[in-house]
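Visitor: Okay, handing you the structure first.
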Amino acid sequence: MENEKKTSSISNVGAWGMNIVSSVGIIMANKQLMSNGGYAFTFATTLTGFHFAVTALVGLVSNATGYSASKHVPMWELLWFSLVANTSITGMNLSLMLNSVGFYQISKLSMIPVVCVMEWILHSKHYSKEVKIAVMVVVVGVGVCTVTDVKVNLKGFVCACVAVLSTSLQQISIGSLQKKYSIGSFELLSKTAPIQAISLLVFGPFADYYLTGKLITNYKLSSGVIFFILLSCSLAVFCNVSQYLCIGRFSAVSFQVLGHMKTVCVLTLGWLLFDSELTLKNIMGMVIAVAGMVIYSWAVEREKHANAKTHSHAKNSLTEEEIRLLQERIEKNPLKDVELAEARS
C-alpha cells in the first residue's frame, strides 16, 4: 500500500514537472520565434494548429505500435470539446490583441474562481475555507507580480469573457471526459488533437490575418524559423500530454492554481535570459504566489484526509435509522421462532 502511494506521488510530481518544464520551454521558444527581436513569426493560431498536428501524429504512431489503446468516445463529444478548446485559443489571442497586458493578466487570473464556480454548478463540488483562502492568496500574488497597466474596451472585454469561460469549460471537460469514458489522458488527447489540428490549420491563417494584418503565405521561412517551429511543436506534445495528465489526476482548479508556478518561472527566466526587468514588486508578488501554492497544497491534502476519515467512519458505523430497523428485526424474530416451534409440535 505504501509502495503504491509512493509510486503515485512520484507520478504526480513527474506530471507537474513535465508540465512546468515544457510550458516554460515553449514560452521561451515562442518568444524567440514570434518577437520582433527574434524571427517575427506572428501567426499564433496557425502555430497552435502545427502543435496539435504533431501531437495527433504522435498519437497515431502510438496507437499503431500498440503503445496506447483506443477507446470509444462519441464523435459529438469530441467535436463539442474541440469547438470549446479552439474557441479558448482564439479568444485568448483576441483578448491579448484587443486589451492591455494588465487586463489580459487579470482575465487569466479570473479563471481560478470561474473554474471553482463552474465545477460547483456542473458537478456540485464544494471547497473548504482553507482552499478558498489559498486560491485568493495565489490570485493576489500573481496579480501583484504581473498586472501593470489596465485598460478596458467593450470588444476586448467580450473576447476576454469568452476566452475565460471557454478555457475553464475546456479544462473541466478534460477531467470529466476521462472519468465518464474511463479513458487515459493520452488516449483522449489522441482523439481530440486531429480535430483541433484540422480546424486550426484551416481557420487559423484567417484568424491570424485578422489579428496581425499579415498573411502566412507571404512569410519567408529560414532554417532558424523551421528549427524553432519544430522545437515549439515538440515541446507542445509534452505540454499537451502533461496538461491532460495533471487535470486527470487532480482537478481543473489545482491545474490553474499550481500552474501559476509557470508564471513565476517565466518571469525569472525572462530576467536571466532576456534581460527583462525584475522589480521588488515582481519579487514580492512571486513570494506571495508561491506561499499561496504551498497553502493550497496543504489545504487540499487536509481536505482529502478529512474526506477519507468521514468515508471510513460512514462505512464502519451504522446510522440511527439502521440501528432502529435492526432492533425491530431482533424483537420480531423470537416471536417467529416461537410460532414455528408451536406449528411443528
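Here the Cβ of each residue, glycine as well, is placed from N, Cα and C on the backbone.
TrEMBL annotations: computationally assigned, not manually curated.
According to TrEMBL, the protein has these features:
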type     : residues : note
DOMAIN   : 23-297   : domain 'Sugar phosphate transporter'
TRANSMEM : 12-29    : transmembrane segment
TRANSMEM : 41-66    : transmembrane segment
TRANSMEM : 188-207  : transmembrane segment
TRANSMEM : 219-241  : transmembrane segment
TRANSMEM : 253-274  : transmembrane segment
TRANSMEM : 280-299  : transmembrane segment
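Have a look at these and tell me how they're positioned relative to everything else.
Guide: Residues of the same chain lying 6 or more positions beyond the ends of the transmembrane segment (12-29) and with a Cβ under 8 Å from any Cβ of it are 228, 231-232, 235-236, 238-239, 241-243, 245-246, 249-250, 258-259, 261-262, 265-266, 269, 273.
Beyond the ends of the transmembrane segment (41-66), by six or more residues, the same chain brings 30, 33-34, 89-90, 93, 186, 189-191, 193-194, 196-197, 199-201, 203-205, 207-208, 211-212, 214, 216, 219, 225, 228-229, 232-234, 236-237, 240-241 to within a C-beta distance below 8 angstroms of the stretch.
For the transmembrane segment (188-207), the residues of the chain that approach it from at least six positions outside its boundaries are 43, 45-46, 48-50, 52-53, 55-56, 59-60, 62-63, 68, 70, 73, 78-79, 81-82, 85-86, 89-90, 93, 174, 177-178, 181, 215-217, 240-241, 244, judged by C-beta separation under 8 angstroms.
Sequence-distant neighbours of the transmembrane segment (219-241) (same chain, 6+ residues past either end, Cβ-Cβ under 8 Å): 18-19, 21-23, 25-26, 29-30, 32-33, 38-39, 41, 43, 47, 50-55, 58, 185-186, 189, 193.
A Cβ distance under 8 Å defines the sequence-distant neighbours of the transmembrane segment (280-299), meaning residues of its chain 6+ beyond its ends; these are 128, 130-131, 133-146, 254, 257-258, 260-261, 263-264, 267-268.
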